[in-house]
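Everything below concerns the one structure shown next.
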Amino acid sequence: MPDYDILIRGGRVIDPATGTDGALDVAVKGDRIAAVQAGIPPRQAAKVVDASGKLVTPGLIDLHAHVWWGGTDLSLMPDDIGGPFGVTTIVDTGSAGASTFPGFRRFIIEQAKTRVIPFLHISSIGLAGGGVGECRNIEHVDVQQCVRAVQAHRDLIGGIKVRANTVAVGANGVTPVYLARDAADAVGLPLIVDLAYPPPSLEQILPVMRPGDIATHMYKGYHGGLVLHGGKVRPSAVEARERGVLFDLGHGAGSFSFAVAEAAFAQGFRPDTISTDLHTGSLPVGDIDMPSCMSKMLLLGTDLVDVIRKSTAASAKALRREDELGSLAAGRVADVAVLELREGEWTLTDRNRGARIARQRFFAHFTVCRGVVTYER
């Protein structure tokens with residue numbers, strides 16, 4: 001009987017969590033990483049994957065997507081945007097609220113091969129879809145109902161979500177953000193906030209956020225966003241980062257501008273984590289999946305190892321699950337991505353009709369989630 005179920009051999013193993021970067025083999029037994037070392041004999045494994053010329057990394061963590069398929073018209077199926085893109089963990093950011101979460105758990109999360117970590121929306125109805133502002137009716141924003149739902153599903157829920165934009169909150173302004181803050185504090189979990197069209201303004205939103213909270217859509221191109229008209233990063237954002245607020249890419253269908261990103265990069269204001277905000281409106285665009293978002297950050301000047309870190313270990317830490325996820329260390333859960341970094345020429349786009357030419361681009365080749373193969377090219 002073979003010693004290992006899967007052996008990934010001959011690749012460049014990059015595991016920022018452990019500082020590993022070298023030509024090594026990765027062996028999987030059951031749902032665990034069994035060994036990371038050079039020269040593991042192929043005869044010891046039931047399945048051997050040739051990773052020559054490829055990168056072997058911890059499974060990618062997409063910190064922002066929507067996968068409550070059937071519960072909101074924005075959502076996709078998790079396995080459709082998981083394995084085929086090297087993703088082993090998807091953070092669903094607020095598709096479900098307290099009133100809709102039980103169905104999300106039973107019919108999506110518990111059925112998916114890809115791990116789903118949900119952030120519960122402060123609005124009891126979650127993302128209603130159809131252009132409905134889920135926090136416009138303040139009666140939907142019930143802190144105690146949200147807290148009870150988290151307590152009932154504490155094994156799954158990773159945080160609290162609120163959209164802080166004029167469509168979502170209407171005349172309620174920054175009030176839903178304060179209520180989401182109350183819920184997050186009550187359950188001791190991080191808060192993730194969508195930054196978009198004011199009101200409320202960033203100067204109203206960011207002071208409510210605390211160390212470890214996550215501000216997403218950081219490079220969205222809009223009046224009142226991260227970068228002022230003169231090209232300078234907004235002081236309130238700099239101050240928030242200094243306090244420990246994390247800034248996430250959250251690319252999405254309308255939340256990434258190369259011009260904004262380039263101005264911010266020039267001032268050292270780079271993302272703490274890389275994520276897609278994949279949903280029904282963004283998937284058809286074609287260059288918003290995790291490998292594509294990683295390719296854009298590489299194009300902008302992020303070091304290769306740092307791109308991997310911001311897609312694995314940094315996201316695991318943001319989720320407060322760095323002891324469980326985001327590493328290939330022996331004994332950890334067997335979440336593995338084999339990626340190709342191809343040389344060529346690709347036109348990568350933003351959501352403001354901007355485009356840049358990339359000479360390198362990531363593609364998923366092979367994915368293992370919890371010891372199970374979820375994608376093989």
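Going from the start of the chain as shown, residues are counted 1 onward.
Heads up, the Cβ atoms here are built off N, Cα and C, so glycines get one too.
Given the structure is predicted, the values throughout are model-derived calculations rather than measurements.
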From Asp3, Asp5, Asp272, Asp277, the one annotated by TrEMBL with His64, His66, Lys161 for Zn(2+) 1: Asp277
Output field, Zn(2+) 1 shell: CB within 8 Å of site CB centroid, site His64, His66, Lys161, Asp277 dropped: Ala65, Val91, Asp92, Thr93, Gly94, Ser95, Phe119, Ile192, Asp194, Thr216, Gly250, Gly252, Ser275, His279
Residue among binding-site residues Lys161, His217 with least C-beta crowding, 10 angstrom cut-off: His217
Cα within 10 Å of His217 (Zn(2+) 2 binding site) - qualifying binding-site residues among His66, Lys161, Asp277: Asp277
Nonlocal neighbours by CB distance (under 8 Å) for Arg163 (site 'Transition state stabilizer'), same chain, sequence gap 6 or more: Gly94, Leu127, Glu134, Cys135, Val169, Val193, Asp194, Ala196
